[in-house]
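Colleague: Feature annotation from Swiss-Prot assigns transmembrane segment to 4-24, 42-62, 63-83, 103-123, 127-147, 162-182.
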Amino acid sequence: MIELLLLSLALSMDAFAVSLGLGARFGYNKRESLRPALSFGIFQGIMPLLGFFVGVTFIAFISAFDHYLAFGILALIGAKMIYEGLSQSEEERLDELSHRTLLILSIATSIDALAAGVSLHLIDVNVFLSCTIIAFTTFLLSYLGVLWGKRAGEQCKRGAEILGGVILIGIGSKILLEHLFF
């Protein structure tokens with residue numbers, strides 16, 4: 001059970017970091033913070049289940065390029081946020097996160113959970129309970145991340161969008177470097 005809790009925390013860290021950036025950028029209240037937290041939690045819960053059932057064959061195929069995909073997605077969205085933070089006035093900025101962008105972020109931050117699902121065969125745990133714990137942990141940390149990010153964003157106003165973009169690029173770079181060198 002300890003392995004499962006540690007796995008849940010580890011898998012939720014990327015979503016937590018992205019949530020900090022979203023909170024800083026969009027300044028969500030408690031109710032609005034539920035949307036990204038639910039999305040990240042659901043994807044983090046579904047992906048290991050998918051990995052568990054689809055198994056080693058699919059993981060071997062996707063693991064050859066998943067880190068490039070995650071890096072590319074996060075870097076593009078991060079660069080877009082930085083560009084908008086530097087070039088747009090306060091009135092020109094979008095006040096909400098699009099469903100499409102949230103979906104892409106949810107997929108990008110949960111790709112590692114897909115691979116982790118294969119490893120659930122190696123530890124003696126109930127896969128459905130495991131995925132539920134992973135989903136709940138990610139939901140909770142993402143929710144807190146959005147709220148804490150909002151607080152940080154209130155302190156740095158315009159820089160919040162730039163900070164959010166830098167965080168996304170940083171997470172993408174971390175994913176890429178981990179897969180290339182570790």
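Keep in mind that glycine also has a Cβ here, set from the backbone N, Cα and C atoms.
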Colleague: Between the transmembrane segment (103-123) and the stretches 4-24, 42-62, 63-83, 162-182, work out which stretch tops the count of Cβ pairs under 8 Å.
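Modeller: The stretch I would name here is 42-62.
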Colleague: Of the listed stretches 4-24, 42-62, 63-83, 127-147, which one has the most C-beta pairs under 8 A with the transmembrane segment (162-182)?
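Modeller: Top-ranked stretch among 4-24, 42-62, 63-83, 127-147: 63-83.
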Colleague: Residues of the same chain, at least six outside the transmembrane segment (42-62), with any C-beta under 8 angstroms of its C-beta?
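Modeller: Residues packing against the transmembrane segment (42-62) from afar: 11-12, 15, 106-107, 109-111, 113-118, 120-121, 127-128, 130-132, 134-138.
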